[in-house]
Structures are given as structure tokens and as C-alpha cells.
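Enquirer: Annotations for this protein, taken from Swiss-Prot, read as follows:
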- C244, C247, C264, C267: Zn(2+) 1 binding site (BINDING)
- C259, H261, C280, C283: Zn(2+) 2 binding site (BINDING)
- K84: N6-acetyllysine (MOD_RES)
- 1-15: topological domain 'Peroxisomal matrix' (TOPO_DOM)
- 43-48: topological domain 'Cytoplasmic' (TOPO_DOM)
- 75-98: topological domain 'Peroxisomal matrix' (TOPO_DOM)
- 126-133: topological domain 'Cytoplasmic' (TOPO_DOM)
- 161-187: topological domain 'Peroxisomal matrix' (TOPO_DOM)
- 212-305: topological domain 'Cytoplasmic' (TOPO_DOM)
- 16-42: transmembrane segment (TRANSMEM)
- 49-74: transmembrane segment (TRANSMEM)
- 99-125: transmembrane segment (TRANSMEM)
- 134-160: transmembrane segment (TRANSMEM)
- 188-211: transmembrane segment (TRANSMEM)
- 244-284: zinc finger (ZN_FING)
Amino acid sequence: MASRKENAKSANRVLRISQLDALELNKALEQLVWSQFTQCFHGFKPGLLARFEPEVKACLWVFLWRFTIYSKNATVGQSVLNIKYKNDFSPNLRYQPPSKNQKIWYAVCTIGGRWLEERCYDLFRNHHLASFGKVKQCVNFVIGLLKLGGLINFLIFLQRGKFATLTERLLGIHSVFCKPQNICEVGFEYMNRELLWHGFAEFLIFLLPLINVQKLKAKLSSWCIPLTGAPNSDNTLATSGKECALCGEWPTMPHTIGCEHIFCYFCAKSSFLFDVYFTCPKCGTEVHSLQPLKSGIEMSEVNAL
């Protein structure tokens, strides 16, 4: 029987990382709520909330506490991770939620403690009497003891995995799963697939800049268009001058590279700057010099176009 109880406890034991993640989620939610709340007062007088900031924060945290721990026995972070609080003082092995007094004292220790810490500094700053100085020293001493106790509790939590905060230990509440957790088999198929695709993507990112796109495009166009031989007549230049050998459009600022084909200035210049070994995609002639076209085209041909 004892071994079964121990196995049941170990199966329902919440991981340390899950409890710490729940605390971080709670802090993130508080920051989000406060930032959204302050956005509502941007049009008001500057510093309106600064005077009553501790009280406003306390009211917001009480509102969150009312609809999380008080009603659902779990914080927002715990609800996301399928965790809730259990009364550790209960002798019953079944789940026993925290009592009403434990919930109220949880709010007093967390919300009231933070409010008192923020307000007492303002109180001591505005009063410089000797009696207030002694009270301030006592408060600082108590705060130091609480921080030391929190550190010791955290070290014990790392060792035993129970009571993530000092408040939980003092009130006797700890985190348990909402539903019994089954032992899951870890599969690495998805991870292996992701690693494979990430490796392939990194390989493409490394390889693509090394590919000369302009040269590849010219090579493909030379394969698709049959190579032309030497010019058979004097009219070859005029006939080929109706379209750019690269873009296939009417040549803008027509230039030649030393063969009978005509190019737009931008097409030829950009291709030559991108690849110093640029050749004509139609006849394979290497670039000797980029010269403007000097031969004229009959106006009848222009009108026919």
C-alpha cells in the first residue's frame, strides 16, 4: 500500500520547471494588465496615477485573485499549464482544495505585502521623525528576513520540488496536476524532420548567393533559342534590331556588344556588371565593348510595328 501511495504521488508530482513557468506567466499577466490599464489614462493629466499607484495595483491584483485563486484554486499561469493548488494540511489522499482562510491569507501575503512595501517607503520618506526612523529599520529588517527566507525556500524547492514560494510553504498549499498525468513516450520524428528542414534551408541560404542568376538565365535562353550563324546580309542588323536579345522588347537606348544582336543599355550593362564573362545569349559572342548602335532603321519598319 505504501509503495502504491508513493507511486501515485510521484505520478502527480508537478515538475519544478512547470511551477516556475507558472510564476513567470503570472508576472507577465500582471505586467500586461497594468500596461493596458495605464493606456486608458494617457489623455489625462500626467502623474495622475503615480500618486495612487500602489492602491490601484492592489485593486487590480485583488480583482485577478477573486476570479483565479479564490474561484478556481489556480492562478492564470497554473491554469495554462493544467495545474492547481492543493491543501497540504489535509490528511485525505484525494484532492482537497485550499480552504477559504488559506485563500484569503494568500491574498494578504502577496497583494497586501507588496502594497505595504511600496507604501511604507513613501510614508518614511515624508516623515523624518526619530520614531519613524526606528520603524523603518524594523521594516527593512523584516523585509531582509523575508528575502532570506525566500532564498532558503527556493533552495529547498530545487531539492524537493515542492512549495515554489515562501507563501505557499507558510500556508501549506502546493501545486498538483488537475488531471492524472499518463507516462508519455517521447518521439523524435517531428524534431528530426524539423532539423532536416532547417539544415536544408541553411544550405539553400548559403548556396543561392553563389549562383549567377543572370548567367543562368542567359544560358537557358540560349538553349531555348537556336544559335544563329554569321550574318547573311546587310539587313541582318536592322532585322535583329527590332527587339532586345535579353528582354525581347523594343530596345531602349540600343547598344551592341560586338555581334549582330541588339541590347537595351540597361540589360547589357547590368548583365556585364553582374558577370564580367557575359556572352550574347543568342550567338555566344563575348563582350568586347558596349557601344551605342549607329545603324539606322527604316521609318517604314517603325511604322509597321
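In case you wondered, yes, glycine gets a Cβ from its N, Cα and C as well.
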Enquirer: Taking C244, C247, C259, C267, C280 as the binding-site residues to compare, which has the smallest set of other Cβ atoms within 10 Å?
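Expert: Per-residue Cβ counts within 10 Å for the binding-site residues C244, C247, C259, C267, C280 bottom out at C247.
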Enquirer: List the helix, strand and coil residue totals of the zinc finger (244-284) as derived from DSSP.
Expert: 10 helix, 4 strand, 27 coil
Enquirer: Among all protein chains shown, how many Cβ atoms are found within 10 Å of the Cβ of C264 (Zn(2+) 1 binding site), not counting that one?
Expert: 20
Enquirer: Return one of helix, strand or coil for the residue listed as 'N6-acetyllysine', based on DSSP.
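Expert: The residue listed as 'N6-acetyllysine' sits in a strand per DSSP.
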Enquirer: Compared by Cα position, which of the recorded positions K84, C244, C247, C264 is the closest one to C283 (Zn(2+) 2 binding site)?
Expert: C244
Enquirer: Which sequence-distant residues neighbour the topological domain 'Cytoplasmic' (43-48)? Criterion: at least 6 residues beyond either end, Cβ under 8 Å.
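Expert: For the topological domain 'Cytoplasmic' (43-48), the list is empty: none.
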Enquirer: Just give the helix, strand and coil counts over the topological domain 'Cytoplasmic' (43-48), going by DSSP.
Expert: 0 helix, 0 strand, 6 coil
